[in-house]
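> Before anything else, here's the structure in question.
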Amino acid sequence: MSFRSCIAVCGYTSIYNMPNSSWLFLRSSLVTDHHSSSSSSTSTSYHHHYHFSVFFFISGISSEKHRQIHILPLLLIMALPLHQLPIIMLGLCFSVTMLSSHSEAKPLQVGFYSETCPDAESIVRNVVTHAVSSDPNMAPVLLRLHYHDCIVEGCDGSILIENGKKSEKNAFGHQGVRGFDVIERAKSELEATCPGVVSCADIVALAARDAVSLANGPSYRVATGRRDGLVSDIALADDMPDVSDSIFQLKAKFRNKGLSDKDLVLLSAAHTIGTTACFFMTRRLYNFMPGGGADPSISPRFLPVLTSRCPRDGNVNVRLAMDEGSEREFDKHILENIRRGFAVLASDARLGDDENTRSVVNSYFDPTSASSFEADFVDSIVKMGHIGVKTGSLGKIRRKCSSFN
């Protein structure tokens, strides 16, 4: 590649992400050069060409930190004699390429911490095991935390941040989400072992994996390498799937996150473990139809069970199992309950309102189908775990999960 080709390639690459400040700096310098060169010699024009290239190098350095370090030497280079510029510029081209490749985001990978923090996953596993043994409800709590983190701004630990009333965790759609203390406990142990290495976002994903396994669900591998997000805003949670959404709203919201109808069914089936509050049942039991009345999709055999546990004007904090008869085991029993009209949550019942989602539910009870509920669930939760991840310079490794560095 010729020297001029190198300059052209580096300049083109750099201009792509040039910030406004660099544009203004470049523009003002070029205007100055243009006026000064209007009556200059060919050699001055040639020198002007290299000035132009140097500014491209400045703008091409990807991080603010590197720009601060390298901008002064680059400006000094502009004062060098013309005959020395080709060698210097070739060196710069190589340096910028190395800086650019260094700052590129690495993809998620299984065993991401195998060298930097080899005990990371076992530390998280031990903390989760202790938490679940002390409180079996912690398994569904941690699974739900992973979902709520990923569905808003991606799997970046933004739900963990406590930065006042406007923090994401205070959103209406996050009501009842818990497990923050378990994540913080794991983070504390990891910081003691390998400080500044493991992200809170990865801890949430690993904790959910371990929670599923401890509830006799499938074991699966989690790709890691997420970095923690830099934003926590309650307004970003406005479009979360809601328990009262229609099937069309649920499908649309999942599609917006890159999730299919099948993913909607399988991730809803995570409700096979855990409980919900009567607060989320009131409308479905007493005001679902115009003028009042219960959701007609509830089996007549199951309706009295629900109304006895969540009476009208009763205590809305009373808990009831989301998978009647199998709330401690991670299995496909909840899908059978949905088919029979025994769904507890309205959003779970809605899976029977659509031909596509209904056929997915039914496929797990078809003896001629090759569908495996556990394998398909793993595919869906792994897919969810890749939503909007931040890697490289797009995020940070928090020292404490509840606050930005």
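Glycine too: its Cβ is placed from the backbone N, Cα and C atoms.
Sequence annotations record features per position, and here TrEMBL assigns active site, proton acceptor to H148. Feature annotation from TrEMBL assigns Ca(2+) 1 binding site to D149, V152, G154, D156, S158, E168. The Ca(2+) 2 binding site feature in TrEMBL is assigned to T272, D323, D331. Under the heading disulfide bond, TrEMBL lists C117-C194, C150-C155, C200-C401, C278-C310.
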> Using a 10 Å radius around each Cβ and counting other Cβ atoms from all shown chains, which of the disulfide-bonded residues C117, C194, C310 yields the largest count?
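Answer returned by the neighbour count: C310.
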> List the Cα distance (Å, whole number) between C200 (disulfide bond) and C150 (disulfide bond).
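Here the two Cα atoms lie 13 Å apart.
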> Using the CB centroid of D149, V152, G154, D156, S158, E168 as the Ca(2+) 1 site centre, which other residues of the same chain sit with their CB within 8 A?
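My list of surrounding residues reads C150, I151, E153, C155, G157, I159, G229, S232, L236, G388.
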> Return only the integer: C-alpha distance in Å from T272 (Ca(2+) 2 binding site) to C310 (disulfide bond).
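C310 (disulfide bond) has its Cα 20 Å from the Cα of T272 (Ca(2+) 2 binding site).
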> Do you know offhand how many angstrom separate C278 (disulfide bond) and S158 (Ca(2+) 1 binding site) by C-alpha?
28
> If you measure D149 (Ca(2+) 1 binding site) to D323 (Ca(2+) 2 binding site) at Cα, how many Å is it?
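That comes out at 23 Å between the alpha carbons.
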> In the same chain, outside T272, D323, D331, whose C-beta lies within 8 angstroms of the Cβ mean position for the Ca(2+) 2 site?
A269, H271, I273, S326, E327, E329, F330, K332, H333, I334
> Restricting to the same chain and to sequence separations of six or more, state which residues have a Cβ under 8 Å from that of H148 (active site, proton acceptor).
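I159, G173, H174, V177, M240 - these are the non-local Cβ neighbours of H148 (active site, proton acceptor), listed in sequence order.
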> Compile a sequence-ordered list of residues in the same chain as C155 (disulfide bond), six or more apart from it, whose Cβ lies below 8 A from its Cβ; state 'none' when nothing qualifies.
H146, D149, A201, V204, A205, R226, M384, G385, H386, I387, G388, V389
